[in-house]
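Student: Okay, here's the structure, questions in a sec.
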Amino acid sequence: MKLVLVSGRSGSGKSVALRVLEDLGYYCVDNLPLQMMESLLEQLKGRSDLVAISVDVRNMPSEEIQLEKQLAKLPKDTEILSFFLNSSDNVLLKRYSETRRLHPLSRSKVSLKEAIQLEGKLLDPIAKLVDHYIDTSNLNIYELSDKVREILLGTVDKELVINFESFGFKYGMPTEADFMFDVRFLPNPHWETELRPLTGLDEPVQQFLSQQPLVNKFIWQIENLLETWLPHLERNNRSYLTIAIGCTGGQHRSVYVTDQLAKLFNKGKHKVQARHRELKHD
C-alpha cells in the first residue's frame, strides 16, 4: 500500500494537493488524526492500495518522536511519501483576507497574523522531516497541481478521460456535454428501408455511412479540432471531457460518428469511453 501524507500551513494549498491525489485514484481523507491512521489502513486493506491523508496543525504531534511512533505502527509493507506545503506569512495573510475563512488557530485574543506565525512555529519540526517541501507563495492552483503530479508521476501530463456520447435531439440534449456536434445534416440511413431497424453499430449501416464523403470529412475535421485543443484542455487541469454527437433519433448517424471517433482516439494515450444514450431505450 502507498500512503501519501500531506501537511503544511493552512492556506498553503493542502486541499488542492488532495484533489490532485483523488484524481490520480487515491482514497483521500482530509484532516485525519494521526492515531487513526493505523485503523484506516486496516479497513482499506484489499480495497485500495493508494491512500492519501491531509493533516493540519490541530492533528499533528508536538514532537517529532511522537510522529515517528505513529508511523512505526503502520503495516510494514506501507510505502510512505510525505509533502509539506508552505507559503510566506504575507501571502497567507492575503489569502485569508480574500477568502475570509477562519484560521484553525484563531482565537478571540489571537490575531490572524499571530495565528499564522504560531502555526509556522508548531509545524517547523515536521517540515524538516518530509520528502517534498513545496513553497506555494508564487504558485497558482494549476501550477501547484502540476508540481504535485510531476512528483508523483514524473510528468505533469494528466490522464484525460474522453467520453464520446451519441444522443437524439428528439429526446433532449445532454446537459453534461463540453462539446456538442449536430450531425443531422449528414446522409440519413433511416430512409433506407433495410437499414431503418438497425443502428450505427451494425455493419450495413457502417458500410453505408463510410461511403459518404461528407461523413468522412466531418469525422476528420472533428478529429483535427480535438487533437489541436486537447493539450490545452489537459493543461487546464481537466479530469474528463464529454463530447456529444447528436442526430434526430440517436440511432444511426450519431452512433456511427461517436463509434468512429472513439476508435480513433483509443489509439492514443487517452482513456476513452463511448456511450450511446438512446440505444438503451430499446
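Placed from the backbone N, Cα and C atoms, the Cβ positions cover glycine too.
According to Swiss-Prot, the feature ATP binding site maps to Gly8, Arg9, Ser10, Gly11, Ser12, Gly13, Lys14, Ser15. Annotation source Swiss-Prot lists GTP binding site at Asp56, Val57, Arg58, Asn59, citing sequence analysis.
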Student: Measure from the CA atom of Asp56 (GTP binding site) to the CA atom of Gly13 (ATP binding site) and give the result in Å, rounded to a whole number.
Tutor: 12
Student: So which binding-site residues are near Gly8 (ATP binding site), with CA atoms within 10 Å, out of Asp56, Val57, Arg58?
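Tutor: If one measures from the Cα of Gly8 (ATP binding site), the binding-site residues that come within 10 Å are Asp56, Val57.
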Student: For a quick check of packing: other C-beta atoms within 10 Å of the C-beta of Gly13 (ATP binding site), how many?
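Tutor: I count 27 other Cβ atoms within 10 Å of it.
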Student: What are the non-local neighbours of Ser15 (ATP binding site), defined as same-chain residues 6+ apart in sequence with CB under 8 A from its CB?
Tutor: Asp30, Ser54
Student: Can you list, in sequence order, the residues of the same chain other than Gly8, Arg9, Ser10, Gly11, Ser12, Gly13, Lys14, Ser15 whose CB lies within 8 Å of the CB centroid of the ATP site?
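Tutor: Other same-chain residues with Cβ inside the cutoff are Leu85, Asn86, Ser87, Thr136.
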Student: Taking the Cβ of each of the binding-site residues and counting other Cβ atoms inside 10 Å, which one has the highest number: Gly8, Gly11?
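Tutor: Top count of Cβ atoms within 10 Å goes to Gly8.
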Student: Can you tell me how far the Cα of Gly11 (ATP binding site) sits from the Cα of Asp56 (GTP binding site), in Å?
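Tutor: Each residue's Cα considered, Gly11 (ATP binding site) and Asp56 (GTP binding site) end up 11 Å apart.
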Student: What number of additional C-beta atoms lies within 10 angstroms of the C-beta atom of Arg58 (GTP binding site)?
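Tutor: Looking across every protein chain shown, the total is 12.
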Student: Same chain only, sequence gap of 6 or more: which residues have a CB within under 8 Å of the CB of Arg9 (ATP binding site)?
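Tutor: In sequence order, Val57, Leu85, Asn86, Ser87, Leu92, Ile116, Glu119, Gly120, Leu123 meet the Cβ cut-off.
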Student: Using Cβ atoms only, which residues of the same chain lie under 8 Å from Lys14 (ATP binding site) while being at least 6 residues apart in sequence?
Tutor: Val6, Ser7, Gly8, Ser54, Asp56, Leu85
Student: Excluding near sequence neighbours, so keeping only residues 6 or more apart in the same chain, what lies with its CB under 8 A of Ser10 (ATP binding site)?
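Tutor: Ser10 (ATP binding site) has long-range Cβ partners Asp56, Val57, Leu92, His103, Pro104, Ile116, Glu119.
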Student: Could you give the Cα-Cα distance between Ser12 (ATP binding site) and Arg58 (GTP binding site), in whole Å?
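Tutor: Given the Cα positions, Ser12 (ATP binding site) is 16 Å from Arg58 (GTP binding site).
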Student: Including all protein chains displayed, how many Cβ atoms other than that of Val57 (GTP binding site) lie within 10 Å of its Cβ?
Tutor: 19
